[in-house]
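Trainee: According to TrEMBL, the protein has these features:
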DOMAIN    20-266  domain 'G-protein coupled receptors family 1 profile'
TRANSMEM  6-29  transmembrane segment
TRANSMEM  41-62  transmembrane segment
TRANSMEM  90-108  transmembrane segment
TRANSMEM  180-202  transmembrane segment
TRANSMEM  222-243  transmembrane segment
Amino acid sequence: MKNPVFALIYGSIIAIGLPLNAIALWILLRRHGSKSSSAVFMINLAISDLLLIISLFMRVHYYSSDTWQFGWLPCIWFTMLFRNNIRTSSIFITFISVDRLLAVVYPLRSRHLRTTSKAVRGAVFVWLVVHVVNVPEGFGFSKHLDNQTCFEFNTGNNSAINGTLRNSALADKLQLAIGYFQLVLLFTLLVVNILSMVMVSWTLHRHLNDSAKVDNKLNIKLIFATNLMMFIVFFLPVSLVVFFDNLRPVLSCLASVNCCLDPLLYYFSFDGFWKKKEGVEISLARD
């Protein structure tokens, strides 16, 4: 499907998101390192966004030329990069929200939970789970592909690369089940983010003496506001394609914009985001 508008939008996302996330990842690794659980989650979020941006190069090529000469397997692989970004980003953003919740509401009792080693194990587990989900999902997508199109998985399409897959009802059931699972997962994570925001706001306003000493309450509120916007504007709509499959190209394009806004989280999360590691060790330790 040739669509120069989609190609232009994806190209703009690459032009903005690639340098922002590359610089953010460099700063996180070089100047913050793994000094806190939040830093670990943000590093993984930046990696997820960069993987998404890599997949967008292929979408620009496809929507600008209306040709796909790379075969069905690369198409599935680039599609999984996109889908994994939606899942991992939503999970890592929720981890960041919960981490802020624990730091503000339960600063002392949560110290043994908010360690870098636990954060690393959690991040590894997330990546493993989403890649395991890719196996049946890719199987379901493959039955609706040919060697000329990509990123268009209309379940009503009878063409397939394999006659066995074409007649397989199991593939459709797996694809539908994963779609509903993602929708339920995102709604659940949204609820967690909302509850975290409410608890943190309530603590900051009414029980600050019993909570951690917070230097910049505005930044914390902006973190939660940005997280909620990510879910409501970008993550949830694209997950609704399970009901509105014809809107998949538009909603996928909208969801891709999330990688341009994630760097805001890094800036709001660290008072000394642009400072050298030595200058932020105290603030990170306070986290």
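One is the number of the first residue shown, and numbering goes on along the chain from there.
Cβ coordinates come from backbone N, Cα and C, glycine included.
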Trainee: For the transmembrane segment (180-202), what are the same-chain contacts with Cβ under 8 Å, counting residues 6+ beyond its ends?
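Mentor: For the transmembrane segment (180-202), the sequence-distant neighbours (Cβ-Cβ under 8 Å, at least 6 residues beyond its ends) are 86-87, 90-91, 93-94, 97-98, 100-101, 104-105, 220-221, 224-225, 227-228, 231-232, 235-236, 239-240, 242.
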Trainee: Restricting to the same chain and to residues at least six past its boundaries, which positions have a Cβ under 8 Å from a Cβ of the transmembrane segment (222-243)?
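Mentor: Same-chain residues near the transmembrane segment (222-243) but 6 or more away: 86, 89-90, 93-94, 96-97, 100, 176, 179-180, 182-183, 186-187, 189-190, 193-194, 196-197, 200-201, 251-252, 254-255, 257-258, 261-262, 264-265, 268-269.
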